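Q: Below is one structure. I have some questions about it.
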Amino acid sequence: MLGTVLLLALLPGITTLPSGPPAPPFPAAPGPWLRRPLFSLKLSDTEDVFPRRAGPLEVPADSRVFVQAALARPSPRWGLALHRCSVTPSSRPAPGPALALLREGCPADTSVAFPPPPPPSPGAARPARFSFRLRPVFNASVQFLHCQLSRCRRLRGVRRAPAPLTPPPPPPPSRCLPQDEACADTGSGSAEGLAADGPHLHTLTQPIVVTVPRPPPRPPKSVPGRAVRPEPPAPAPAALEPAPVVALVLAAFVLGAALAAGLGLVCAHSAPHAPGPPARASPSGPQPRRSQ
């Protein structure tokens, strides 16, 4: 009986186990467009040169830093807008002490300068560049530059107004960062303008190592009104002539020889005589008489 029940349970289609809904599929991996960076933020201590660095930029305090923001992959369909930039002692762009550099693409610090824009690539947006002086505002050896950027999509099939016969006068020079035409809110409907607090803002952060150069040694204190006279150099020791040296050596040799001879004579005269053997009696002398 038990074997029959087990056999029926193993047969397909006769199991009494409840069949639930099928399990949902495992979420697929994100597409390649999610893994690729949209922007690049580079720092340099030299204008127009932004090499790839293995570590953070290292600059002395109160020196100029050059910044370049660009699209990671240039495309004729996208434009770039640089909205805000600031320097903080924290790696997180949280509200707190910060040195504001840019607001809405305009300088917020007197040291911010915009170099002439580089020549654009065919069909690509120009990178945004500016420079600032890293003043010693924060007492931190590592500081962080935070920049907010946005990407604007160019619309296709938009008709542009015909160019006038007489060119208009050049616009006055702007003190703000020139934005790409796709991100400039011109109101002509040819592009999509983005506000500074829009949902398409991206914040990029780059660390900066700040070094403090050693001050030069201080000069000695001097009495006011008196000029400090340089100390004369110490005279070099004069070289000895060979003739006096030879005479001194000969005199020392003669004195040493005379002293040795005198000591030898003194020792010879003051030494005691050695005792000799006892004297024998001569045979011719008187002999003792024999007793009878």
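Cβ coordinates are placed from backbone N, Cα and C, and glycine is handled just like the others.
A quick note: this is a predicted structure, and the numbers were derived from the prediction, not measured.
Straight from Swiss-Prot, here's the annotation block:
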SIGNAL    1-16  signal peptide
DOMAIN    17-170  domain 'ZP'
TOPO_DOM  17-244  topological domain 'Extracellular'
DISULFID  CYS85-CYS147  disulfide bond
REGION    160-236  region 'Disordered'
COMPBIAS  164-175  compositional bias 'Pro residues'
COMPBIAS  213-222  compositional bias 'Pro residues'
TRANSMEM  245-265  transmembrane segment
TOPO_DOM  266-292  topological domain 'Cytoplasmic'
REGION    273-292  region 'Disordered'
COMPBIAS  281-292  compositional bias 'Low complexity'
Q: Just how many other Cβ atoms lie inside 10 Å of the Cβ on CYS85 (disulfide bond)?
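A: For CYS85 (disulfide bond), the 10 Å Cβ neighbour count is 29.
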Q: Enter the number of other CB atoms within 10 angstroms of the CB of CYS147 (disulfide bond).
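A: If we count other Cβ atoms within 10 Å of CYS147 (disulfide bond), we arrive at 23.
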